[in-house]
Amino acid sequence: MCVTAVASLLALVTAQIRAFQIGWHSRDLMQVAAVGLIVLLALNRRIDIQHKVPFLIAAFSVAGIGGIGTLGMFAGMVFIFPISAVIMSIFYPLKIAVTFILSTLLFYGTIATGFCSGALNLPPDCLMINPRHWGVYIASMIFFFVIACVVIYSYRKIMQQLINQISDQRDELTEALKQVRTLTGLLPICASCKKVRNDSGYWDQLEDYIQNHSDAKFSHAICPDCLNKLYPELANEVNVLMQAERH
């Protein structure tokens, strides 16, 4: 933003030098107001770039309307609307950018109609062979290049920050997944006692093996079939108690 302010001041100085020769106009006041707004935005560090963009577009539009409305395509501000469209396409939805572009084209067409019909009149010789006006043109071109580079670089910087954030989040997720203990693959299990062979070749109880290779914990109980088989004298009493709890 500071670079934008410096480039704006350079363009303003050259425009005011030219005004001594071709005369002062309301466009000069509009350009002073626009550059003043840009400088204020550059000095205010508390406002982030996304909130500065609308004011920046407004300042560009004021300067562009003042210049093109009186000098036509000879105005140095003819470069301001294309760079404004680039900025809007980066920070705003497509519909808003397209609306701005169409409005700009309508404005250009209106000014062109005014000059072609004679409603607006400006002797081209006072500009084409005027060194001061060429100074404004060159300063405006510098302004265009500076703003374009700054905007694109800022956009790339923001995108790189987002990519880095996503990469960091992915690394954190990958690290978290490494901490998740899961069982996969083929487990050798004894067909008789149901013990499982571990990585060292020893045979462990099934529950011990699962607890060592996962976050699962076992709480031993006895199923109804085993209860009837192992403790038939207690099976009836337990079944009665279980039915009573259900009801």
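Placed from the backbone N, Cα and C atoms, the Cβ positions cover glycine too.
Unlike curated records, TrEMBL annotations are generated automatically.
TrEMBL lists transmembrane segment at one of the ranges 96-122, 177-203, namely 96-122.
Panel annotation: around the transmembrane segment (96-122), residues 57, 65, 68-72, 74, 81, 84-85, 88-89 of the same chain, lying at least six beyond its termini, place a Cβ under 8 Å from a Cβ of the stretch.
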